[in-house]
Structures are given as C-alpha cells and as structure tokens.
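My questions all concern the structure below.
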Amino acid sequence: MLTFESLSETAEFARKWVPFCKKHNIEPRAPEFYFQQKIDYLKDKIQPSFVKERRAMKREYEEFKIRINALVAKAQKVPEEGWTMADGTAWPGNNPRDHPGMIQVLGHSGGLDTDGNELPRLVYVSREKRPGFQHHKKAGAMNALIRVSAVLTNGAYLLNVDCDHYFNSSKALREAMCFMMDPALGRKTCYVQFPQRFDGIDLHDRYANRNIVFFDINMKGLDGIQGPMYVGTGCCFNRQALYGYDPVLTEADLEPNIVVKSCCGGRKKKSKSYMDNKNRMMKRTESSAPIFNMDDIEEGIEGYEDERSMLMSQKRLEKRFGQSPIFTASTFMTQGGIPPSTNPASLLKEAIHVISCGYEDKTEWGIYGSVTEDILTGFKMHARGWISIYCMPPRPCFKGSAPINLSDRLNQVLRWALGSVEILFSRHCPIWYNYGGRLKLLERVAYINTIVYPLTSLPLIAYCVLPAICLLTNKFIIPEISNYAGMFFILMFASIFATGILELRWSGVGIEDWWRNEQFWVIGGTSAHLFAVFQGLLKVLAGIDTNFTVTSKANDEDGDFAELYVFKWTSLLIPPTTVLVINLVGMVAGISYAINSGYQSWGPLFGKLFFSIWVILHLYPFLKGLMGKQNRTPTIVIVWSILLASIFSLLWVKIDPFISDTQKAVAMGQCGVNC
C-alpha cells in the first residue's frame, strides 16, 4: 500500500518536475541529489525566469517530501482490519506473503505534464504471492516484470536499475541506443552495461567501495573480447536476448575462436555440425521481424518460414514461455510493440496471468539457485554468441549508494562470494558449461576467474599466517636459492610490476585506488571469501541453505560518514582480527628473541619482520575500522581472536614442522641407532 501510494504521489509530482528539467536542462534529474548539490547552479543558465522557477520547484519538492513522510507515518499504524481502498473494499495486499497479483496503470494514455505534453506511462506491478511457492527474490521479480511489460507495451529494450541507484544523466538511454540501434552491432548486442558509480563514500575510500579496479580495468578489458559481465544494475537489455534467442550473426562472427591449420598451412575442413550451425545462423540474418497475431500462435504457428516458427511446436513454446498465447506472440516481434488487434481489457487480464505465482511451473523460466543471478544471466547470453558493450560516457549515467560501514561491506562481499561458489558447484559453471558454443575462450577464462576467486582465500590465509610462524619458531619460510633461480624470481616480479603499471596508465586508475583494492582483497579474502567457501560447501554437500541479508546502505542523517564509524558485530570480523593478533604477537616474539640473542640475529629478523609488516599494512583499513571512532572494540572480538591466535601459536610451536623427526628425538633425549 505504501509503495502504491508513494508511486501515485511521485507521478503527480513528475507532472511539474519533468517540464522544469527539460526547459532548463537540469542534471541530475533526481530531485533529491539535484537540490543537495554544492555547486553554482546558475552556471550556464541564461533564462531570467530560472531562479524564480527553481525556487518554486524546490518548494514543491519539499511539500512532496512532506506528503511522502506522512504516508510513511501512516503506514506504520496498520489498522486491525487492514487497509481499505477508496471504494471501501479491502486492499488485496494486506498480507505481503499471501495476496493476488495487482497491476495499476497510472494514466492510461501516459498522462500529461503541466505544459500539456504526454508523460511516459507508469505501471504499478505487484506479483502474486502464495504460501508454499518460491518467489526467488530479485530474479523472480525481474522475470515477472519482463513478462508483464511484454504483454502491456512490449518495448524492444529494457532498462534495469537497482532501487538505490538514480539517473545521473538524462542521456543514459540515448547512450545505450547508440549501440543497440547500430546497424552492425545492434542485432548481436544483448545488453549495454554502464559502470557503477557511488555517492556518500569517504574521501579515501577506506573499504574500496568504488571498485575502481574492477569497473575501470577488468570490465573495460572485457569490452575488447566479447563484452563485460552483467553486474545487476545500470544495464540496458535487448529483450530478444533475455528470451533465450540466438543473435543475428554474420559469416565473420561464425568463424571459430581459434583457427586450426593443417601442416601445409591450409585451414582444416570444417565439420558438418559447424556448417549446419553456420547455415542456421545465416538464415536468421536473412529473416525479417515477423508479427504474429493470437490465432497464428494458437493454431501452432504454421505457415511461417521463420526459423523459430519451424523448429518450435506449440508444446515447445509453452514449455519455454508458459501458457500465455499473448505473451508468446509478443516474443516474435523483434522490433517491439503489440498487435493492433488486441483488446486492452484482455491485455490487462493476461498481464495478471503472467505474474501469477505458478506461471513458471513446468517451464524453462528463470536461472535460479544463486544469489548472484546477474553473472549467470550474462554468461548464458554470451554462451549463445551475443556480445555486450561497456559504455563509459564522461558523465556517469547512474549513481548509487554503497555500504561504507565495515560490517555491512563485509556482508555485501560475502553475498557476492557465496553466489560465485554456488555457480562453481552448479551445472552452469563456466569451467564445463556449453563447450562447442559461441563463448570465446578468453571470455570463458574471465567468467571462470569470477567464480573461483573465493577459493584464493585458502592460500591467502596461509600466506598471511606464515610470517608470524617464522617469527614464533625462529625459522624462515623462504629457503636459500641460487643466483639462477633468483634471476627468474626478479624477472617474474618485474613483469608483474610492469603489467600493473601498464594497466594503471591505460585505464587512468590512480595508485591510491589500486592500493585500496589490494588492501580490501586481503581483508575480504581472510573473512568474507573464507566464509563463502564453507557456506557454499555446506549448501552443496549438506543442503544447508544460508539466507543472505539485503545490503544496507549509507545514511548520513547523523552527519557526513557517520555510518563509517558505527560498529556492528559479525563473525566475519574474527578471522582477520586473529591474523592481526598472530602477526603482532609474532613481531613481539621475534624482536624479543633478537634482543636476547645479540646483534648477529638482527639481520635475519628484518627479513622476517618485513613480511609481517606487509600483512599488517594490507589489514590496516580493517584495523582502523575495528577500532572505530571511539577506539573501542567489542570484548567478544578481542577474546575470540586472542584465544584462536594463542591456540594456533602454541600448537605450531609444539608441532614445529620445520624440525625433522631425528632432530626432535635428539632434543627429547631419545637418540637411537639412526642418530
């Protein structure tokens, strides 16, 4: 009820806000962020009426916020009999877990603004919820919206933006359409992905919330292969790609990823299956965009020469798209739009049908089973041969909020990592899924890297603990190596360093952003990634499902970055705190040993201290966040970390695996024949 009434108020406010934005070229067009900008808003404004109209619009917006606040306050006092509508009947959505599907078109003809121009149509959709039916959270909601939008309007393209993001540029859709409507690229482009940019992050980006390395290096690099991955928001889709259709490919696109040549230098003869696949794809290139009416679909879509019509029977269509002939007909209209003969009343009835909770049963709808369904969505499109585009205009098209609190940030990373582990153990894993398809080799490697990265937490934990072990046992983890081997080590290090420098120069990423990314990789690897591996194994092997929590976002009501210093308890804090304690204890033990052993032991000590200090430097943002603004850390974190560090240190000193069995026997006075 609150969502519906808020949407109605927003539609009414838009009648005044939209013409004001168009008249004065306002950016961004999210009023909250426009009015809170600390810039010279008179710059480039030449109309004398701007100041007066801006002042009036700001007042209108403040009154709009008051009305929204009143709705929120009203929603917190739910009547015992539930909410009622204007005609006195009960609101169907009083029970959020058990209610029918609801659709309300706000302004059937789109509505008019204050200047008399037509506004875009706004539709409120609430899919059916019933006990015993799995609704699949965000993935299920997006699939329901795809179907209902196809029935009501059937636009050729869809835009996906998260609730915590807003349009920072009014030209965002135009930027995407430059690629989608390109004669050469448009027919094989499945989506245009925009980079994520964030507001409300502290100046030094302590916890790498901006993800600059991922968005400005990794994703930009993928744009040169088969395109970037879908990251769940800020993405414009080709509707045909979402339906699972193949792209329209040219003969050059159908060439193998790796050209295999014979000994004589000529290409090997292509297999029959390859030629059949090529002919099938080229046939799609020659076909036009057919428009089917409902009678054609219900009669089995006979008489059409389109490849999809010939290969799919009526039962196959129902298996793929569900039992909605109107929706099935819309999937054949590649240019969008609805058949002119359809009745608006029947469209609304069919729209209610396609958002029913049992519509997806016994169909191929949905790629569920992972909390990061966005990766799978993009992966399956690329596997069919589609390409994606990474669009990075000078002005970011979308901005959002990010969790700047340490605990919330770790929980967010845990959810991402858990989704990757779930994909790793699923049948859609890029390691073995769809070989022989149209997915390029390097694109597959990139997807594999996206799902296996949580496993790096296991060796990372070992590398972070080994320096402390060396200091506690007075041993060194690096053996003596020859000059020849040392040369290879130096060359490898130099190549890694040079590659990093080239990436930074090519992408324009600063050294501080790169270092923050390295630091949080260690923080996340010793906490969230480690937990994700074990939770994923529990889910796959034991069937124990772990419910993820929706990421909470920053709230600056108590001042700038107030959320940054708030401490929230989570078990994710224990492993990195333990690593910190072990390394600090090891440094104290190593320095104490050097003081007692004389000056000759100080040289080897510095080498050992370097590695421990290097680990602590990577964990410094975590340590700073753990201490908080008041330099207070919960007792439970300290107790658990010291306990685990002490147990580990005592066990290691007791076992001492660096000493052979013979040396142990001599030390214990049990020397035998083998001494």
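Cβ atoms here come from the backbone N, Cα and C positions, even for glycine.
Not my notes, these are from TrEMBL:
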- LYS137: UDP-alpha-D-glucose binding site (BINDING)
- LYS138, ASP162: Mn(2+) binding site (BINDING)
- 451-472: transmembrane segment (TRANSMEM)
- 484-507: transmembrane segment (TRANSMEM)
- 519-538: transmembrane segment (TRANSMEM)
- 572-595: transmembrane segment (TRANSMEM)
- 601-623: transmembrane segment (TRANSMEM)
- 635-653: transmembrane segment (TRANSMEM)
Among the binding-site residues LYS137, LYS138, which residue has its Cβ surrounded by the fewest other Cβ atoms within 10 Å?
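Counting other Cβ atoms within 10 Å of each of the binding-site residues LYS137, LYS138 gives the minimum at LYS137.
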Cα distance, LYS137 (UDP-alpha-D-glucose binding site) to ASP162 (Mn(2+) binding site), nearest Å?
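Given the Cα positions, ASP162 (Mn(2+) binding site) is 13 Å from LYS137 (UDP-alpha-D-glucose binding site).
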Please report the number of other Cβ atoms within 10 Å of the Cβ of ASP162 (Mn(2+) binding site).
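Counting Cβ neighbours of ASP162 (Mn(2+) binding site) within 10 Å gives 16.
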Does DSSP put LYS137 (UDP-alpha-D-glucose binding site) in a helix, in a strand, or in coil?
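SS state of LYS137 (UDP-alpha-D-glucose binding site) = helix.
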